[in-house]
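J.: Would you mind keeping the following structure in view while I ask a few things?
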Amino acid sequence: MDYKETLILPDTSFPMRGNLPANEPHTYAKWRDEKLYSKLKNAHSGAKNFCLHDGPPYANGHLHIGHALNKILKDIIVKYHYFKGENIRYTPGWDCHGLPIEQQVEQKIGKAKKDNLNKTKLRELCRNHAQKFIQIQSDEFQALGVLGDFENPYKTMDFAFEAQIYRSLIELVKEGLLAERSKPIYWSWACETALADAEVEYQDKQSDSIFVAFTLSDSALQSLGISQGKVIIWTTTPWTLPANVGIALNPSESYVLTDKGYIVAKALLEKVCENIDIGISKREFKAQEFERLEAINPLNGRTSLIVLGEHVSINDGTGAVHTAPGHGEDDYYIGLKYGLEVIMPVDDRGNFSPLIESMGLVPKEFANEFVGKNIFDTHESIFKILGKALLKQDVITHSYPHCWRSHKPVIYRATAQWFILLDKPFYQGKTLKELALEELDKVRFYPQNGKNRIYSMIENRPDWCISRQRDWGVPIAFLIDKITNVALLDEAVLEHIACIFEKEGCDAWWSYEIKDLLPPSHKHLAENLTKSKHILDVWFDSGSTWSAVLENEYKGAGNNYDAGSHPADMYLEGSDQHRGWFQSSLLLSCAIAKRAPYKQILTHGFTFDRNGEKMSKSKGNVISPSEIIKTQGSEILRLWVALSHYQSDQNISDEILKQVGEQYRKIRNTIRFLLANASQNSQDMVEKDELDVIDRWILSVCDRVFDEAYEYFDEYEFAKAFQVVMSFLINELSGIYLDLCKDILYCDDVSSLRRRAIQSALVMILRRVLHFIAPVLTYTADEAFRHSSAALKGEYESIFDLPKLSCAQGYNLEINEDFTRLLRVREKFTESLDNLKKQKIVKSSLEVLLQSPQEKEFALLDRWLIVSGVCGKECKDKEELARFMLEDKEEFVIYRAQNGRCERCWQFIVEESEGKLCKRCTSVIAQTKK
């Protein structure tokens, strides 16, 4: 007889292979058809809310692996809160304005055609480009298994959204937090236009390199207690010296006065002496001793304030940087800190204006050598005026920014820009900066050091320049008085314009006549007004998303999103957003709503190849999410995210994904075994107190492990959660429990109590496993649930209905036995058995008996160690194979089993009189025949 046919072997329709690339799209289509996200939104109404507000990706290009990491993390967290029983909201969004889209349009139609287009047509082309990639990216995000309100996403270019961005600007006007002032930007004097960073390319350029001595003022000499002192500066832009108002020193450095009266950074003294003989060190000072003292500009005799700046390099130069806030970004920001004057004597064409004469920026007798002359053509005149203060002049070749259109060198030039004031008291005597820092103290950060990053950035940041000189964006729609050049900030006018934007979008700013932008009460002013040419910084757009998307008192009509309330429970982005979206959102929310827009901030690192290098097409090391999905399935990518310590930078490669695939197969195979052996119907489940002690042990371990894992989930430490769960699945569950249950599952009668007890335990474990993996391996959990028995499903229709159930809720898990000791017994026994196998003395644990000193655990050890029997002293006449001892000196002896092997269960327990089968197997077969 073939006894194999009498065994109850595992049986499940759940396939061993997931065939994920083929099956995932069908499952997602089913979810979409069922309007699953809408169901999830409504499933826990009335419960605790959890709203993750989506940081909008840019609507340009396909997704890269960083996008995948970000969106999968968000999806895991939203789903985790859903499976916790919370009322979740997640509305995806897109950032639609900005220079990259303008560039793409120009590349497509050509610069000449773009320059001849009217603004409305150009913006239409930009809008179409953005919409195209929103659809592409939406499909790609959903292919990652991400659930959200993709039917009603937010787009910053929607008319109502543009109106809301503009209304945020109006709120700042009301708070008195806007100011117009000059700020240096890249300027192409050859094209007479401002340039964005992306429009600047670096080329080698020959420049004059000069060392100039600024004599300290009498009061400065007195303060320092010295009789003479000249601070040496080094610059490669001599034409900026007329606009000098300061000298910046590095606050972390020491400075020396030489015996010849010159002052340079101590660290650079030797290097400077290679160029100029300035003598040897005579006295040393801390940089702070010079702060706010004055020196004299030798070009024009004007005072130059000594300031401290972290930007001052100690790698080259003198450690003292000539500072002209109108001609440099670092100079400008340090100027804001110290209140330095912004002087701009250069016109649109790169020529010195009459201002250079009227302000006395050069000696009057030399003015005609400057006014109307190109700045680069005035160096010889500058050298002549400097005289002996010019310590050395040379020519160097260095990398210098050039205009991408004219290929001429660009300059930094201060122009009128709009700013949000951070240091002006506006609310309960607090400045915006103070309020923002105060609100940050209420925010929970993951990781915690993220708080220090954004805190120090805001603490040290200057006022926020929100104006840009581009076409594709939300206009700073202010009407300017032609005579006074002052903006008309009347609330009725601003609100009237906002209403127009709400209906027709902000393209109306360019297409409408000024009179049509004014309310009836102000139309008489039209002839005296002109339109501002600025648009808003795109960070203002994304920083306003909370006001347009989340429920709040400032939300305008037309922004109909069911996305949760302000403040959001979480913002989650890459660590670079401490400088970006987290900061812009915080500042605008504090300015308008007087509170932070988020309760928690979670950040992740960046993704690199296996060698830690940045991915690029030229290196051939790009790993595309779409390729992974096509070849391996998004589940592998999702598990990679969950297993990664994502708060740091992450590496990804085919080899790493292969390792992740192996982890996935372990999880899938465990689920498959559980499905194949668990109870089929609820009536097969045993009663609360009918579990065997080993079943109670595994369920108590299961509860402990998953409770610990959920604690890690609560802190968003998914890798640690999976580590403890994987250890349980591999060691306690598969390595011990499932192994020792196989005999009962396969060989006992189908209705035996102990078999049904194991099957009941497997149902409880499977529920916990599926509930745990569902936020991460949603496709797999969904598939497994569909292949589950009625016993597991119970009253639930889908995996998304499955609640978090502990094993202790279903069964009495009280244990009196010492399983810590039993695990040590098993460990020692396994070591001895492995040695016996290596020596080819036995092939299986079923070939041995064990002598135990404690009679009460004979029956337990029999099953626990998968041996053919446990005995006391009566075993001594058997063939001894090995012995082992516990730490407490308890000794166990391993003997060879003497009885015959049962041909059905393979245990060596058949007496000579019993034939080929043991008593249990004989009884089961007899029952089967009935």
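Each Cβ is built from the backbone N, Cα and C atoms, and glycine gets one as well.
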J.: In Swiss-Prot, which of the ranges 119-123, 614-618, 644-648, 649-653 has the motif ''KMSKS' region' annotation?
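T.: Spelled out, Swiss-Prot records motif ''KMSKS' region' over residues 614-618, not the other listed ranges.
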J.: By the DSSP assignment reduced to helix, strand and coil, which category contains Glu573 (L-isoleucyl-5'-AMP binding site)?
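T.: SS state of Glu573 (L-isoleucyl-5'-AMP binding site) = strand.
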J.: What is the number of residues in the motif ''KMSKS' region' (614-618) that are helix, strand and coil, as DSSP sees it?
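T.: Looking at the motif ''KMSKS' region' (614-618) with DSSP, the answer is 0 helix, 0 strand, 5 coil.
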J.: Cβ within 8 angstroms of the Cβ centroid of Cys902, Cys905, Cys918, Cys921: which residues besides those meet this for the Zn(2+) site?
T.: Cys747, Glu903, Arg904, Trp906, Gln907, Ile909, Val910, Leu917, Lys919, Arg920, Thr922
J.: Reduce the DSSP letter at Cys921 (Zn(2+) binding site) to three states and note it down.
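T.: Assignment for Cys921 (Zn(2+) binding site) reads helix.
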J.: Give me the Cα-Cα distance between Cys902 (Zn(2+) binding site) and Glu573 (L-isoleucyl-5'-AMP binding site), rounded to a whole Å.
T.: 62
J.: Counting every protein chain present, what is the number of Cβ atoms, excluding its own, within 10 Å of the Cβ of Cys902 (Zn(2+) binding site)?
T.: 24
J.: So if I draw a 10 Å sphere around the Cβ of Lys617 (ATP binding site), how many other Cβ atoms end up inside it?
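T.: Its Cβ shell of radius 10 Å holds 7 other Cβ atoms.
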J.: How many helix, strand and coil residues does the motif ''HIGH' region' (57-67) contain under DSSP?
T.: 3 helix, 1 strand, 7 coil
